[in-house]
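**Student:** Starting off with a structure, shown below.
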């Protein structure tokens, strides 16, 4: 196959573009599952945040913004799936193409940023329980969240004013990750948004685990399970994002070495990149697990709902008037998830005394 078979000029840059039929066969089912489970999980999380939380704390504000970012990313997946199903033939026009790519990039980056903020918040609450950052007001947390959203939009807004749709034979290509002989801002952000948060998450997770072991808390079986959860969060982040980043770096190396003189050498890495890129959306699908274990509100809510259903079934009693939202304020009589006890704000009712009383 000659260079011209896959060669395409995009915005004045020489690029290699592929329309691999394997993408149309493999990725739509994967994205479909991510969409369904991600929509259910994040939609339920937002519903609980909006209608069943009676009190707000800074940590919950950060979790809420994480849920918003994940939800906005997930709702873009049907359009991306349609693009893959039609073998890289975008059918919705130039402006929708820009909006979709912007939403995917902005909310992927926003999701990573707020997941990192949650990790930092847990770090200060467990390792430095008396630090002034643990006492920031809801207003300050909201201002920080607005600043982070502004930063995220500023780093990805170029996708809105750049023409992202290119005629490719009989099809219209809509992609922000074509293989072009130039290192773009978008590529730099794709790498930075992984390595910097990864370093922060690993540092925070490691310090939390080390701090608990120094206090000899890790001998407790329940704390061991909580520590395992912290490690799982970091591992899932790596599994979701590292493969696509590694393949992208490989593409940069090939471009540095061979330019785009022969597009055939990029065929396999192009397929590998878009396959692994679909794994990054899995992180947004799995983030509701973080919400569940990071706040007593979620396990309390589900426990209350299950207890009500069981009570109705077994006793046939009418539902009482006690509001579910009261349960979410942290009723001390409610048994919480043990991993949540470690990850939650020590000042919340229901948090274990060995976290709240630590003064080191």
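In case you wondered, yes, glycine gets a Cβ from its N, Cα and C as well.
Below are the features listed in Swiss-Prot for this protein:
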- 1-30: topological domain 'Extracellular' (TOPO_DOM)
- 31-51: transmembrane segment (TRANSMEM)
- 52-60: topological domain 'Cytoplasmic' (TOPO_DOM)
- 61-81: transmembrane segment (TRANSMEM)
- 82-98: topological domain 'Extracellular' (TOPO_DOM)
- 99-119: transmembrane segment (TRANSMEM)
- 120-140: topological domain 'Cytoplasmic' (TOPO_DOM)
- 141-161: transmembrane segment (TRANSMEM)
- 162-189: topological domain 'Extracellular' (TOPO_DOM)
- 190-210: transmembrane segment (TRANSMEM)
- 211-226: topological domain 'Cytoplasmic' (TOPO_DOM)
- 227-247: transmembrane segment (TRANSMEM)
- 248-270: topological domain 'Extracellular' (TOPO_DOM)
- 271-291: transmembrane segment (TRANSMEM)
- 292-360: topological domain 'Cytoplasmic' (TOPO_DOM)
- 320-360: region 'Disordered' (REGION)
- 321-337: compositional bias 'Polar residues' (COMPBIAS)
- 325: phosphoserine (MOD_RES)
**Student:** Any residues 6+ beyond the ends of the transmembrane segment (141-161) with a Cβ under 8 Å from its own?
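**Tutor:** Beyond its ends, the transmembrane segment (141-161) has Cβ neighbours at 58, 61-62, 65, 98-99, 101-102, 105-106, 109-110, 113-114, 117, 176, 185-186, 189.
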**Student:** Just to be sure I understand, if DSSP states are collapsed into helix, strand and coil, how many residues of the topological domain 'Extracellular' (82-98) fall in each?
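**Tutor:** Reading the DSSP string over the topological domain 'Extracellular' (82-98) gives 9 helix, 0 strand, 8 coil.
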**Student:** Per DSSP, what is the residue count of the topological domain 'Cytoplasmic' (120-140) in each of helix, strand and coil?
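**Tutor:** The counts are 15 helix, 0 strand, 6 coil.
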**Student:** Which sequence-distant residues neighbour the topological domain 'Extracellular' (248-270)? Criterion: at least 6 residues beyond either end, Cβ under 8 Å.
**Tutor:** 1, 3, 5-7, 14-16, 18, 20, 177, 179-181, 183, 187, 190-191
**Student:** By Cβ distance under 8 Å, which residues at least 6 away from the ends of the topological domain 'Extracellular' (1-30) in the same chain are close to it?
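**Tutor:** Cβ under 8 Å, 6 or more out: 81, 84-88, 162-163, 166, 168, 171, 173, 178-182, 260-264, 266-267, 270-271, 274-275, 278.
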**Student:** Counting each residue once, how many in the topological domain 'Cytoplasmic' (52-60) are helix, strand and coil under DSSP?
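**Tutor:** Each residue of the topological domain 'Cytoplasmic' (52-60) counted once, the result is 3 helix, 0 strand, 6 coil.
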**Student:** Using DSSP, how many residues in the topological domain 'Extracellular' (162-189) fall into helix, strand and coil?
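**Tutor:** Breakdown, helix to coil: 5 helix, 10 strand, 13 coil.
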